[in-house]
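What follows is a set of notes on a single structure, which appears directly below.
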Amino acid sequence: MPITGYFLVTGAAGQIAYSLLFSIAKGDVFGKEQPVVLLLLDITPMLPVLDGVVMELQDCALPLLREIVSTDKEDVAFKDLDVAILVGSMPRRDGMERKDLLKANVAIFKSQGAALEKYAKKTVKVLVVGNPANTNCLIAAKSAPSIPKENFSCLTRLDHNRARSQVAMRCGVPATNVRNVIIWGNHSSTQYPDVHHCVVNMSGSELACFEAVKDDAWLKGDFIATVQQRGAAVIKARKLSSAMSAAKAICDHMRDIWSGSPEGEFISMGVYSSGNSYGVPEDLIYSFPVQIKGKTWKIVDGLAINDFSKSKMDATAVELIEERDTAVTFLGV
């Protein structure tokens with residue numbers, strides 16, 4: 001039996017965490033042999049709600065769940081962590097300027113980055129989910145200088161899963177028959193869902209996505225827009241943001257980091273851009289196609305990029321540079 005793992009979820013009284021915590025505690029993410037200590041962090045007014053979540057986790061009577069610690073204190077939550085899943089962030093309120101949203105989140109992720117630096121293991125794997133996820137991730141990484149930048153990633157797996165599912169529905173096949181879609185760039189409406197390297201298994205034979213779908217206009221138009229705006233469409237319909245699908249994507253992302261990505265496939269995640277071979281500017285957290293082995297990700301190199309793709313990859317990079325430059329001005333505040 002492996003040694004007990006210390007796993008933190010922030011925003012632990014929220015919607016996404018409610019869909020996520022059972023899967024982690026049950027062993028669906030870190031393996032059926034991995035004993036779990038769950039550290040649950042939220043803001044002080046949410047602690048009574050968090051108590052209810054703790055009761056429910058206890059009532060699940062799960063064999064791998066060794067201990068649950070719920071707290072509003074970073075020094076308790078971040079101690080000796082193996083994994084930090086940073087879900088909590090300041091949501092955008094009506095009439096709020098993007099700049100104000102960035103400022104509020106810089107304060108949160110600067111503080112959490114500093115707590116990682118001070119209390120967590122240097123091997124900690126950090127996944128940022130709270131939006132704007134790419135820039136929040138960058139701020140956390142910059143605030144924890146002694147933890148390798150490679151240990152930080154942000155969630156674009158939800159976008160990846162959305163793209164995969166759209167192609168699968170269009171082709172009338174299960175989502176598992178679609179592989180190697182790519183999400184480039186920011187987890188925002190400028191992201192670029194790219195299917196130029198995607199393969200679809202149709203009745204036993206592997207076809208390039210464009211060949212399988214047979215509708216280039218859809219793939220270069222409505223498909224991209226649907227994936228880019230899917231989060232907004234869910235909010236419009238549910239009056240609440242994507243929680244179940246976000247939790248599933250977090251599980252997929254962390255399982256791949258922990259146990260490796262499927263052989264011969266690549267997945268999408270926001271990682272440190274420095275040294276990439278696609279001309280993406282340095283010092284960004286940008287979503288790339290990656291493969292993961294031995295808990296280490298590597299950007300998939302050598303994929304051909306046409307002009308259509310390049311312009312979309314550049315556009316999302318411009319947004320990320322702007323976000324980063326605005327956020328960095330708040331770091332000293």
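Each residue's number is its place along the chain shown, starting with 1.
Backbone N, Cα and C define each Cβ position, glycine as well.
Please treat TrEMBL annotations as automatic predictions, because they have not gone through curation.
Annotated domain 'Lactate/malate dehydrogenase N-terminal' per TrEMBL: 9-152, in sequence order.
Within the same chain, residues at least six positions away from V129 (NAD(+) binding site) with a Cβ under 8 Å of its Cβ are I16, I85, L86, V87, S89, C154, L155, A246, I250. Look at TrEMBL and you will find D42, N105, V129, G130, N131 tagged as NAD(+) binding site.
The substrate binding site annotation in TrEMBL covers R92, R98, N131, R162. Non-local neighbourhood of R98 (substrate binding site): R92, each in the same chain, at least six residues away, with C-beta under 8 Å from its C-beta.
TrEMBL lists 156-330 with the feature domain 'Lactate/malate dehydrogenase C-terminal'.
The active site, proton acceptor feature in TrEMBL is assigned to H187. Taking the Cβ of H187 (active site, proton acceptor) as reference, residues of its chain lying under 8 Å away and at least six apart in sequence are, in sequence order, N131, P132, A133, N134, C154, L155, T156, L158, D159, G270, S287.
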Sequence gap of 6 or more, C-beta under 8 Å: which same-chain residues meet both conditions with respect to R162 (substrate binding site)? P193, T226, V227, R230, S245
Counting only residues 6+ away in sequence within the same chain, which have a CB under 8 Å from the CB of G130 (NAD(+) binding site)? T10, G11, L86, V87, G88, S89, M90, N105, I108, F109, N136
